[in-house]
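Structure, as structure tokens:
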Amino acid sequence: MINIWTEKYRPKRLDDVIGEDENINTLKSFVKNGDLPHLIFAGPAGTGKTSTAIALTIELFGDDWKENFLELNASDERGIDIIRNNIKDFAKIRPSNKLGFKIIFLDEADQLTNEAQAALRRTMEMFYSTTRFIFSCNYSSKIIPPIQSRCVVLRFRPLDKEAMERKLREIAKNEKFDIDDDSLDAIYEISDGDMRKAINVMQAIQSTGEIKPSKIYEISGEINKNEYKNLISLSLNGAFSDAKSLLDKMLVDYGLSGIDIIRGMHSAIRNERIANRQKLEILIALAEFEFRISQGGSDNVQMDALLARISYIGSEIT
């Protein structure tokens, strides 16, 4: 039976959570006091929101944590029924633990409709004596103000390179295989601070027995950031035919969408040494053509036009 590494290496205690010292210290103070407010965990995917919620529950309830923890995903059941049924059924049963409350963890809470959130706000008030809510979301701004005002908001950030690579080395050592710096750099670039994605990529590459950057990009369906830099550079310097060939390779051989490529270009251009005005115009163009594609424009037509725009920027703007 294959162990899923993201579960195998999920933090079991708050001290095991990496890269979120301020948030962890705040949660430890709640544990020490034996009480908990409603919480909002806000941040991108893979930043440890679910793992932190589980570690917090284990700290509070010990071996009985599963009896006192309900995890639901709002994106699976977006309507108001999730509030009336699953949550109310769990909340109305009085807890048997000494703290006197249970925890409901609602993942992707920003996917709930406003109507469902309003119903949830009433449920929070009705069952506060027995239930605490932890809302996990990408954007706290999508949680209605009446819920936000009843919660402590903790913001989770993508893991920095040093912390991620330290954890990946620890996993590699435990799994008894070697991984070099270049491969770790490739995993970090692909995951962009998402620890869950990084661990999944490393497990996938370890299973192939071929641990090297090129294989990492291949198995993850990603390409090296330098390819995006080359695409921008070729276009900017007027080598339109070469840029078009590279674009076709990305679209056909790598199977990337136009929006994938635009977002890769956006990430790549941030630290490029390009004249400020040129960089400004390119960023505006990236936003414009991403919008065009999102509204139904053809990937091929719009991406060709984007390269032409960047070529124009290179020739006319200094």
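Sequential numbering from 1, following the chain as shown.
Including glycine, each Cβ sits where the backbone N, Cα and C put it.
According to Swiss-Prot:
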| type | residues | note |
| --- | --- | --- |
| BINDING | GLY43, PRO44, ALA45, GLY46, THR47, GLY48, LYS49, THR50 | ATP binding site |
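Known features from Swiss-Prot, placed on the structure.
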residue : record           : contacts (Cβ under 8 Å, 6+ apart)
GLY43   : ATP binding site : LYS49, ASN138, ARG155, PHE156, ARG157, PRO158
PRO44   : ATP binding site : ASN138, PHE156, ARG157, PRO158, GLY193, ASP194
ALA45   : ATP binding site : ASN138, ASP194, ARG196, LYS197
GLY46   : ATP binding site : PRO158, SER191, GLY193, ASP194, MET195, ARG196, LYS197, ALA198
THR47   : ATP binding site : GLU20, PHE156, ARG157, PRO158, LEU159, GLY193, ASP194, MET195
GLY48   : ATP binding site : PRO11, VAL17, ILE18, GLY19, GLU20, PHE156, LEU159, MET195
THR50   : ATP binding site : GLU71, PHE105, ASP107, SER136
### Query
Cβ within 8 Å of the ATP site's Cβ centroid: which residues qualify beyond GLY43, PRO44, ALA45, GLY46, THR47, GLY48, LYS49, THR50?
PHE41, SER136, PHE156, ASP194, MET195, ARG196
### Number of Cβ atoms other than its own within 10 Å, given for LYS49 (ATP binding site)
26
### Message
According to DSSP, collapsed to three classes, what secondary structure does GLY43 (ATP binding site) have?
### Response
coil
